[in-house]
């Protein structure tokens, strides 16, 4: 009972923080003509409730795709319809066709905020709780609750979902998929991941680790026996979780969405990926054609995620799978052709899953990922929630894991790598002190840039100075993190704590 009491207090605290953040502003409030992501979600409710299914994804007189056209897969549309049905019962004006555009009122804000709160409570938070209880490393009563507290207080997700305005369903479903695979419920895990992909196409960031891990398990079990039976059952899991049959011509519309969304936009705003950072020195768009950019980004992305995928296929383990989720998602974020700053959450949530294994590096990464969102948070007037939740998260991680004491090569999962360098790198003995110094320097740099971005007007000739500085600094961090995660994956030969696949 004690462990459940601690977990209940943890959840109550996490819910309180979420509700406090939701009391503030949201994306696009009072900013016509497009408003923001809040209006996009409201508009999708308007469209799905008032128009027949066959018109949801197509441009018509009643559905102008230039005004927040529905550009996510069908599960998002179904979710919007359910929310719209409830909204209609409360106040028909909230989803009235055409006349509800840009609708803003306190009751409607309360309703919309509550829908995010409920989605978090029903999908994301239960997955986090069950995941923390399932960890062998967190079998002690206190450990599970402290691990859950750190994950649930990650400020990036809270600020985007409950501040900016976004639903946590795709990430929550992906978490359920990881939880299922950790219990060897491979078909249920496959179905859960397909549902996540069916909610938001950017879950493709996680698709290769799922594929390689399950394929590797099939090879391990033997393709003439259990492995072949497992491999043959996956298509049925996919068919069971994709409701294409109910959607008529939706697959073609969605193919167009994915092509448009993922291939023909380089990056949005000042994003902490390699192409945006390089554009500070070289105007890439003026040097090479869009088609060449596409080929180059595909090649670099593929090469950067290939080592982790090969290792996971050859040596499938749950631990390797979780690290590969981080590495592959980070490769996509850094090098892919289309990137939104919020896509860093697709990396951050897998990092949350390994915070118990590498608390120091996971905490550092999660702080940087939140910092990388700063320009968007300032735009949405979320400076105060950012300034409160980020130091609070750091304090919780310091108290829960004593992260500054977890900087040895063994703590950082780099012992095998350090042994391979023994005799070649003389400074490796002072590695913990160097890492702690870099961490403190990083915190100081992020704090200074945060203050400058919020309080100091940029020079007239350089209006984007601070957003670009945030993007470049974050990108440099992410490149070093990508190198680190790949080193951990490639030098991990023990697969500690993993059940034997047979």
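Including glycine, each Cβ sits where the backbone N, Cα and C put it.
Record features (TrEMBL):
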type	residues	note
SIGNAL	1-24	signal peptide
TRANSMEM	110-133	transmembrane segment
TRANSMEM	145-167	transmembrane segment
TRANSMEM	173-197	transmembrane segment
TRANSMEM	227-246	transmembrane segment
TRANSMEM	252-282	transmembrane segment
TRANSMEM	294-314	transmembrane segment
TRANSMEM	320-337	transmembrane segment
TRANSMEM	344-371	transmembrane segment
TRANSMEM	383-404	transmembrane segment
TRANSMEM	438-456	transmembrane segment
TRANSMEM	468-491	transmembrane segment
* Asked: By Cβ distance under 8 Å, which residues at least 6 away from the ends of the transmembrane segment (145-167) in the same chain are close to it?
  -> 3, 6-7, 9-11, 13-14, 17-19, 21-22, 24-27, 36-38, 41, 79, 112-113, 115-117, 119-120, 125, 128-129, 132, 135, 138, 342, 344-345, 348-349, 352-353, 355-356, 363, 366, 369-370, 373, 376-377, 380, 382, 385-386, 389-390, 392-393, 396-397, 400-401
* **Chain residues in Cβ proximity to the transmembrane segment (468-491) (below 8 Å; excluding those fewer than six residues from its ends, i.e. six or more beyond)** => 270-274, 276-277, 280, 304, 307-308, 311-312, 320, 323-324, 326-327, 330-331, 333-334, 358, 361, 365, 368-369, 371-372, 374-375, 412-414, 416-417, 420, 442, 445-446, 449, 453
* Asked: Residues sitting near the transmembrane segment (110-133): Cβ under 8 Å, six or more positions beyond its termini, same chain?
  -> 3, 7, 11, 14-15, 18-19, 22, 26, 38, 41-42, 83, 86-87, 90, 94, 144-145, 147-148, 151-152, 161-162, 165-169, 171-173, 175-176, 178-179, 182, 352-353
